[in-house]
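Student: Copying in the features that TrEMBL gives for the protein in this structure:
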TRANSMEM  121-140  transmembrane segment
TRANSMEM  160-181  transmembrane segment
TRANSMEM  193-213  transmembrane segment
TRANSMEM  225-247  transmembrane segment
TRANSMEM  267-288  transmembrane segment
TRANSMEM  300-318  transmembrane segment
TRANSMEM  371-389  transmembrane segment
TRANSMEM  401-423  transmembrane segment
TRANSMEM  429-450  transmembrane segment
TRANSMEM  457-477  transmembrane segment
TRANSMEM  511-535  transmembrane segment
Amino acid sequence: MAATAMIRITTLRCRHDPLSSLPRTTSAACSCTLPPRCRQCRLLPPHSSGCSPSSSIFPRRVRVRPTAALKRIGGGNTSFMGPANNGATTLQRSSSPDLRRSLIVLKSTAGTGGGNASSGLLPTILGVAHLLVSLGIVLATDKFLKQAFVAASIKFPSALFGMFCVFSVLVVFDTFVPALAKAFMDFFEPATLFIQRWLPLFYVPSLVVLPLAVRDVPAASGVKIFAITFGGWFATLAVAGYTALAVRKLVKTQLIPAEPMSKASPFSTVETWAWAAVFVASFGVACFNPRALGTTARTCLPFLLAATVLGYMVGSGLPSGVKKVLHPIITCALSADLAAVAYGYLSGSGLDAVLGDYLTKAPSNPGAGDVRMGFLGSVIISFAFSMFKQRKLVKRHAAEIFTSIAIASTFSLYSTAVIGRLIGLEPSLTISILPRCITVALALSIVSFFEGVNSSLTAAVVVVTRLIGANFVQVAMDKLGLNDPIARGIGTASSAHGLGTAALSAKEPEALPFCAIAYGLTGIFGSLVCSVPVVRQSLVFIAG
């Protein structure tokens, strides 16, 4: 790539005094006499008054090598340096008041060469490799812990134990070797960003197969469940918010800025078309040969996976006002169900059979939903990195955070059991909706402690709760007089978890750190409480 630089030197004078005493020489470029170049700054002093007009009026032109680029660097050095490490010609600008330059770089319109493309390809390959290694370690850790807990007959979420272990390791590193803690965080950042970017997809499988789960639920019971969900959301919001507000008045701790949180990259057009191509190709293969990959579940896996991803991408691109009602979780679940309906009709297998292949719950014959739910443990483990990043905020406001979360989580669990018993909801359905105010990943872990529950109903109630919170949480808190950002953040996350957090943080960024903290800690505390046998037995007894 060719480039031409014009440098206009308005007052070019060497600042080194010995130059004035040197003998003058004749310049070949003009008729004036010039002193030799200074050995320190390598600059020529200004032309004498006898210089020809052509050389004094027009700026000097400097021809740069085709592969070089001019780079202006601020600093106190007055020298013109040679080629830098990357082969570019470097121009350094002096801070001396005697040296004033104006630099105009004319960009060439020529295309980039193959060297630039190759230099950009290597970082991409290394980035993908970094993501695969870091994410693979998280997945392998989750799988190892799960197998170990099953072998030891431990009824406690293995991923939650892994999260505590990772958080403890980070705290120890930060205490004794802070650089090691930072390196640990940087290494796993690609994995955490990947999980954050695709987080809603890991919650979808239970919603996709919801038509099979609610088929046996009577309509009257459905109305009762909705009443408990809406009323329980408002009550939990009030309890969490007022508790945080009361503790805030007691401790009177001043707010401090939170650590900035990394954001996942948006979806590109290339990604959308790539997944669309996967869907079309795999759907055609499945229609032509339903057992092309050995089983119907494996054959349906690619196009059902692609349908879910495409639905999430489309939902993520909707306007914010539309997403409050039609959240990306809903759009990707609807997209997968529509694909299942189409394939069931064309293949003659029917919707029920396709949904059964979507979530088989059989490790030897996984479906698209099983692949996604395999990430839920990794989601829980990744909470450790978010909590560690906000550790200063957690430590400073520990009284407000932990008191509010403990009271709100306990109230949510027991109030649901009590109300379900009072309005005559079936005990199994009441137990299924106990963790309605906890994020799906941990809610499913909680209901796994109990027998005879409907996990798909659990996921559906959690999604409905977050949709209610996203639409009404700000208005409700304004009516309740919850004006403190800590109270608003904790109250929102404790009652409406992820989607409520997103809705609040869009307009109240000062509450986002407390939403993020309460979002994870609410589920963690609920899991810890329900892992105690006495608590589980009491909840079952109350529910009837």
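For all residues, glycine too, the Cβ spot is worked out from N, Cα and C.
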Student: Is it true that the transmembrane segment (457-477) and the transmembrane segment (511-535) have 3 or more CB pairs under 8 Å, sequence gap of 6 or more?
Tutor: no
Student: Can the transmembrane segment (193-213) be said to touch the transmembrane segment (300-318) if we require at least 3 CB pairs below 8 Å and skip pairs under 6 apart in sequence?
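Tutor: Yes, the transmembrane segment (193-213) contacts the transmembrane segment (300-318).
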Student: Might you confirm whether the transmembrane segment (511-535) is in contact with the transmembrane segment (121-140), defined here as three or more C-beta pairs under 8 A between residues 6 or more apart in sequence?
Tutor: no
Student: How about the transmembrane segment (401-423) with the transmembrane segment (371-389) - do they touch, taking at least 3 C-beta pairs under 8 Å (6 or more apart in sequence) as contact?
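Tutor: With fewer than 3 qualifying Cβ pairs, these stretches do not touch.
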